[in-house]
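Enquirer: One structure, as C-alpha cells, below. Some questions next.
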C-alpha cells in the first residue's frame, strides 16, 4: 500500500514538472516550502509520514532563476532549517523548488546536506535553471554569455532570453535601453537595480504626468508662493485656487498677507452707539465738540458693509465717524446758558 502511495505521488510530481512554465512565481512562503518538503522527505525515507516545520528566518537562497516579471522566479535552490516531524530534532538541508503554472513544487531527489561552500554565500542570479547536478555546489545553470551586462539574468538558455533590465511595468527586457520598453524619459542603471525609472524632473508647482512625457501644473502655492510675509498658502482644486492663512503675521488675508493690520486708538470703556452729549463750555455762549470717537480699524474687510460711500469715510469738520466706518454723524452744539 505504501509503495502504491509513493508511486502515485511520483506520478503527480512528474506531471506537474512536465507542464510548461507559464509564468514565474514570487519567492515561496514558509507554507509553500513546507508543502514542497513533504514529498521530498517521503521519497528520501518511505518508512513514515512527515509534517515538516520550517524555522522562521532560516531560509537562505543559493540559486535564483529569473521569471519573466520582476520579483518572480522560475526556480530556486535554498537551504532551510526544519523539523521533519514535531518530535524530531532540527535538520538543515538544501533542495530545489520549481515554479510551474504559478505554483511551487519540490524537485525530487534534491534533498541533501548543504555544502559548506554555499552556507552564508550570496545567491546566484545569473541562472536559467537551479537544479542539483548543475553549476557545482550552487546548482546554477548559467545564462548565455550574451547576457553579461545590466542585470545579467535570463529566462532561458538562449542569447535571446536575456533579462538585462525591467521595464516600467516590471517585464524583463533584453536591453538596458528603456526607450522602446518604457518611454524616452526612462533610464535603467545600477543605482535603481536596472529597473526602468522615469528620469524627468519638473519645476516647483509641477509634477511629472502619468506617462513621463511632460510636467503638469499642480500647485500655485509651490509655483508662485503667493502668500507674503510668512503667510501659509492653502492649496485647493483647481491648481490656481488657493487662500492665505495670515494668522500671526500682522497682515490681512484678503490681499495675500500684504495689507497691514492697523491697531485702533485707545478707546474708552464705554462705546456709545449715538453721538455723545456735548459738555457745557466754561465760556459763555460757546461750546466745544466732544472728543472724537475712535474709528474702527480701517481695512478692506469693512467694504462689503459700506453703503453708498467709500470704506472708512473721512468726515468733515463738525462731524464724527460712526462706528460702522461708513457714515458720519453731526456734532450738535450745546445750548447756551
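Cβ coordinates come from backbone N, Cα and C, glycine included.
Nobody curates TrEMBL annotations by hand; they come from automatic prediction.
Here's the feature list from TrEMBL:
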DISULFID  227-244  disulfide bond
DOMAIN    217-258  domain 'EGF-like'
SIGNAL    1-24  signal peptide
Enquirer: Residue counts in helix (H, G, I), strand (E, B) and coil for the domain 'EGF-like' (217-258), per DSSP?
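Expert: Summed over the domain 'EGF-like' (217-258), the classes give 5 helix, 11 strand, 26 coil.
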Enquirer: As a test of the contact definition, list every same-chain residue at least 6 positions from residue 244 (disulfide bond) whose Cβ is closer than 8 Å to its Cβ.
Expert: 226, 227, 231, 232, 233, 234, 253, 256, 257
Enquirer: Return the count of C-beta atoms lying within 10 angstroms of the C-beta of residue 227 (disulfide bond), excluding that atom itself.
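Expert: Other Cβ atoms found within 10 Å: 22.
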